[in-house]
Amino acid sequence: MQSNTDSSGSGTYSQTVGLLYVFNLIVGTGALALPKAFQSAGWLLSISLLTFSAFMSYVAATFVIEALSVANAVLSKKRRVEYDDVVVADGPSTFEIAKKVEVSEMASMFLSKVSLVFSYFAIIIYLFGDLAIYSTTVPKSAMNIVCSTINASTVKSTDPCHESWPEIFSRMAVYRIFVIVFVVIVCLPMVIAGITKTRHIQIMTTLSRWAAFILMISLATVQLSSQGAAAHPPAYNFHGFGSLFGCAVYAFMCHHSIPSLITPMRTKDNVFGKIAVVYGIVGVFYFTLSLTGAFAFEHVQDIYTLNFLHDDNTSFVYSIIDYFLALFPIITLTSSYPIIALTLINNFKVVKDILCPKTGQENESLLEADNQVEENDTDDNREGRITRNERNVFDVLVPALVLALPTFLSLLTDDMLLLASITGSFPGVAVQFAIPCLLVTAARKHARSVLNFPVPRKNNSPFQSPVWIVIISSWAGFSMIVVLLNLVGVKF
C-alpha cells in the first residue's frame, strides 16, 4: 500500500507522453460495449448522456489531482519536522506533485475508518466486476471465432456451435469451456506466479488497441458510405438508459490510476486544461466509434469486435482484419487479468488488516521459525503457529475467492453489456464519483486545519465550489436509481 515514489529521477516523461498515457488508459475495452448501448438508447440520448457523464468524470479527475497535491504537502511536512507548519517559499511549493501517492494511500491519510473501509470495498467490488467482464469477453470472443456466424439476429446461445457437431456442444457450452480454460489454465498460473505486464507487452497492447479501434471506425465508415445505414436507431429510448450510463462510467474510468500517470510528468503546467483536452478527444473518439457502429450494423453485438467476424467479405485481407479484431480483446485482456486479480488480492489483505489489526505479539509470532523444537513448545509458540496457519489459510482462500466469484458470474451469463452496465453503474459510480469527492473534501479540510495553508491556485481543481460535490452526488444518485429501475423492468 505504501507506494509513494519520487518523480524527480529516472522514470519521468514529458507532459505530452503522460497525456498520451491518460488517453490510452481511458480508451480501453469498455468502449467495445458503447456501440450496442448507443443503438439501444438512441443516438440523441446517447450523445447527451455520454457528454454529461464525461464532464462529470473530468470534474472528479481534477478532484483526485488536487487531493494528490495535498498528499504531497503532507509527506513534505513529515520530512521537514523542524517546521511547525508548511511554509511556501520562493522555491517549488510543497504542494507540487513530486511523490506518487496512490488513491488507497490518500484514503488512509484523509478519510475516517468508515469512509476508508467504504472506499476499499467499492474498489474491491469494482475489480470483481472488472474480472467478470474480462472472463466473459475473452471466452465469448474465442467461442465466436470457433463457432459459426453470429451476425444473424436468430442465433441463440442454445444453438449448436456447428451444425455437424453434437447437440451437447451448444454455443453456450463451448463458451463455458472457454471460461474454464481461460481462468484455470491461462490466468491462474500467472496470478500464482505474480506475473505483471512488462514494458514489451504494454507496447504491444497499446499498438493493437490503436490498430483495432482505427480499423473498426474505418470499416464501419466504408460500409455506411457504400451500403447506407443498416439500422435506424431512435433519437432516444429511456429504457436503454441503464446500460448506456453503466457503459459510459466504465468507458471513462481512469481515476484509480491518475497518481501513477500524473506524478512522473516532468512538468504539470496547466495540467487540468490539458486533461480536459484529452477528455474531449476521447469523447469525439467514442462518438465516432459508437455512431458509425450503431448505424452500420442492424444488430450490434455487446462485444463490438464480433460484428466484423464472419461478415460477407471473404477476401484474404478482410479475413485477416476480421480475425485480428476478434482476437483483439483476447490479447489485451489476457495480459491485464493477472494485474487486476493481484490488485484485488492486495486490497482484500489491506481491508483485513484494517478490520482486524495485528497486535504486537502476533506480529512477533509471524517471525518465529517453523522448526521450533518440541521442548520449546510454549503457549506463545503454539499461538504463533496458529497465527501462521490462519495467515496461510487466508492466503489460499482469498486468491480462490478472487477467481471463483467472477468465474461463476461468467458461467451464468455471457452478456458483457449487462456486466459492464452493473459494474459501471454501482461500484463504478463509487470509484469514479464518490471516492474523489470524499478525498477532495477531506484533503481541503486537512490543508486548512492541519497544514495551515490552503491549496495553491496552481494545484486547485477548477471546481472549488461545494456545489460541484452536490451536483456530482445528485447525478450519481439519480443515475443509479434509473439504472436500478431499468434492471427490474420498469419502462419509461
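A Cβ is built for glycine as well, from the same backbone N, Cα and C atoms used for every other residue.
Bear in mind that the values here come from a model prediction, so they are computed numbers and not experimental data.
Summarising the annotation, TrEMBL assigns domain 'Amino acid transporter transmembrane' to 16-453. Residues annotated as transmembrane segment in TrEMBL: 12-34, 40-70, 114-134, 173-195, 207-224, 236-254, 275-297, 317-345, 392-412, 418-443, 467-488.
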Leading stretch by Cβ pairs under 8 Å, where the reference is the transmembrane segment (40-70) and the options are 12-34, 173-195, 317-345, 392-412, 418-443: 418-443
Paired segments the transmembrane segment (467-488) and the transmembrane segment (236-254) in contact, 3+ CB pairs under 8 A: yes
The transmembrane segment (12-34) touching the transmembrane segment (317-345) per 3+ Cβ pairs under 8 Å rule: yes
